[in-house]
Amino acid sequence: MSINDKPIGFFDSGVGGISVLKEAFKLLPKEDFLYYGDSKNAPYGTKKVEEVKALTFNATDFLMNKGIKALVVACNTATSVTINDLRENYDIPIIGIEPALKPAVELKKGGKIIIMATPMTLAEKKFANLMDLYKETEDIEPLPCPGLPELIEQGIVSGDVIYNYLKDKFSKYDNEKISSIVLGCTHYPFIEKTLKEVTYNKACIIDGSFGTSRELKRQLKNSNMLREENRVGKVTIFNSREDKDIIDLSYKLFNMK
């Protein structure tokens, strides 16, 4: 098999990275994708750094053994902790994801920028460096959201539980003064509709899925690794929990409009 015909690997701590996979599949419809969700060990955002690193390398090895030509780490926490180590150890293009703060700033809407993310993403040096670029000129507030990925892992993406969780998180803010909400965890796009309800659709909601997918395409094109055959690609999903329910949920989220 030529390298062009090999699949692209996607990895996340659970089902969240499927939000990025959806964007990548739209952008690269000829490609085959292998997705590995580590729902057995989700969430990563409250674990110790060394544990996240070990789990990320295990997932990467799983996908490398399937013969992938590139890897997308579709997990903000794993990216912030492990992306440099992965690039040093594997000789394929490796693309990570981080909170899309730059696009929020470039909107130039004024007002407060809220960054929703896991506690670990917000605590890592990579995020601190990102904040340093803008904190002098922008009103940016990190908003840790422990427990939210766990709800989404259960398939709870709407309804009273999600609404009340978000209502409580945003109760301290004046919605009129929020310009943008950056979704700093790949699980969060699945609750975007409820988030808009809670904030009365006042803020621009931004996630990094498209930017990450565009970077994947750019790197594959520059390396002459894009699939050239005129075909429709396929998506195959694996999960460390190894039960039908989580696989069914994964495909449901992939096909969710």
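Just so it is clear, glycine is given a Cβ too, placed from its N, Cα and C backbone atoms.
Quick look at what Swiss-Prot lists:
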BINDING   D12, S13, Y44, G45, N76, T77, T186, H187  substrate binding site
ACT_SITE  C75  active site, proton donor/acceptor
ACT_SITE  C185  active site, proton donor/acceptor
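Overlay of Swiss-Prot feature records on the structure.
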residue : record                             : DSSP class
D12     : substrate binding site             : strand
Y44     : substrate binding site             : coil
C75     : active site, proton donor/acceptor : coil
C185    : active site, proton donor/acceptor : coil
Rounded Cα-Cα span from C75 (active site, proton donor/acceptor) to D12 (substrate binding site), Å: 5
Distance, N76 (substrate binding site) to C185 (active site, proton donor/acceptor) (CA atoms, angstrom): 6
Among D12, Y44, T186, the one of these binding-site residues whose Cβ has the fewest neighbouring Cβ atoms within 10 Å: Y44
Substrate site shell beyond D12, S13, Y44, G45, N76, T77, T186, H187, criterion: Cβ within 8 Å of Cβ centroid: G14, G16, G17, A42, P43, C75, A78, T118, T121, P149, C185
Active-site residues compared (C75, C185) - the one with the fewest other Cβ atoms within 10 Å: C185
Between C75 (active site, proton donor/acceptor) and H187 (substrate binding site): CA-CA distance (Å): 9
Neighbouring C-beta atoms (10 Å sphere around the C-beta of G45 (substrate binding site)): 29
S13 (substrate binding site), number of other Cβ atoms within 10 Å: 32
